[in-house]
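Q: Got a structure for you, questions after.
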Amino acid sequence: MELILSTSPAKLTLDPARQPELTLRFNLSKLTLDPARQPELSLSPRLAELTLDPTCHPEMSLSPGPAELTLDPQHQAKELPVPKLPELILEPVHCRPELMSACADLINDQWPRSRASRLHSLGQSSDAFPLCLMLLSPQPTPGAAPVVVGHARLSRVLDQPHSLLVETVVVARPLRGRGFGRRLMEGLEAFARARGFRRLHLTTHDQLYFYAHLGYQLGEPVQGLAFTNRRLSTTVLRAFSKPPCPQPPCKEPILAAQAVPRSSKGPPLPPPPPLPQSLTASPPPSPEPLPQSPLETCYRDLKGCPIFWMEKDI
């Protein structure tokens with residue numbers, strides 16, 4: 001089978017006189033994309049076999065002409081541009097409904113969940129709380145929509161009118177470790193402070209030091225008011241948050257002599273010998289409990305995993 005390269009660099013054509021079937025394999029020769037010029041194709045010296053490099057997977061489609069193979073430009077790999085921190089803005093999701101779908105994808109990338117359920121949850125955002133905030137970068141090109149690079153949810157706190165509970169804090173994976181999480185938290189603190197709130201609460205499993213660097217300290221559990229008709233009492237909330245009650249210590253065996261029933265026949269048995277001094281002495285007092293390590297917590301989430309409650313006055 002003969003292969004001919006056409007003048008267009010993005011097309012691979014077959015000799016019109018010979019149009020046998022074109023098969024794609026994944027283990028012999030390789031068809032790779034030039035990283036400098038993506039539409040250009042490079043072929044290995046072997047002509048009869050055409051394969052894709054597993055490191056780059058642009059989708060390929062056959063055009064109606066049976067002898068033409070083209071790249072679909074709509075499926076080219078897209079990289080998330082790195083925005084500048086001063087250009088980022090915070091906006092409530094209910095003020096930008098056209099970005100709700102992109103926000104749902106961002107959250108589901110971290111915590112997979114039904115898309116319909118996620119969109120429904122985001123649709124509950126309102127100025128009356130709970131309120132979902134998006135961290136947005138400016139339009140990458142004129143006329144394009146902003147890019148959602150972060151999200152956080154704010155809810156009122158039961159019995160604490162000047163507090164908010166921060167939940168579902170997430171930053172796009174390619175942008176983590178570059179200051180976008182700090183920018184998101186500082187922005188929502190300013191957002192809450194401007195509306196009269198004075199304290200923020202949150203929970204974390206593995207970001208204790210990140211929040212500690214932002215000024216958060218270990219705190220007590222609180223309940224966010226997501227739906228007013230499903231409020232839990234403070235007693236029930238603390239019952240779920242407190243660690244299980246410690247088991248009572250095992251009782252020491254009674255070493256004193258017990259009365260032995262007398263036999264109806266024969267003389268009574270002699271009394272037992274006295275116990276050794278080492279067994280009758282009282283045990284030494286237990287040492288004072290050690291202070292709790294910063295990496296330990298007595299609270300558990302609904303799955304039983306350790307969780308840290310933190311708070312900060314703003």
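Using N, Cα and C of the backbone, Cβ positions are placed for all residues, glycine too.
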Q: Pick from GLN139, GLN207: which one does Swiss-Prot list with VAL169, VAL170, VAL171, GLY177, ARG178, GLY179, PHE180, GLY181, ARG182 for the same acetyl-CoA site?
A: GLN207
Q: Looking only at DSSP and grouping its letters into three states, which state does ARG178 (acetyl-CoA binding site) belong to?
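A: In three-state terms, ARG178 (acetyl-CoA binding site) counts as coil.
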Q: Sorted by position, what residues of the same chain at least six away from HIS120 (substrate binding site) have a C-beta under 8 A from it?
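A: Once residues fewer than 6 apart are set aside, HIS120 (substrate binding site) is near nothing.
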Q: Express the distance between the Cα positions of ARG182 (acetyl-CoA binding site) and ARG118 (substrate binding site) as a whole number of Å.
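A: Taking the Cα atoms only, ARG182 (acetyl-CoA binding site) lies 24 Å from ARG118 (substrate binding site).
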Q: With acetyl-CoA as the bound species and VAL169, VAL170, VAL171, GLY177, ARG178, GLY179, PHE180, GLY181, ARG182, GLN207 as its recorded binding residues, calculate the greatest Cα-Cα distance and give it in Å as a whole number.
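A: Taking every pair among VAL169, VAL170, VAL171, GLY177, ARG178, GLY179, PHE180, GLY181, ARG182, GLN207, the longest Cα gap is 15 Å.
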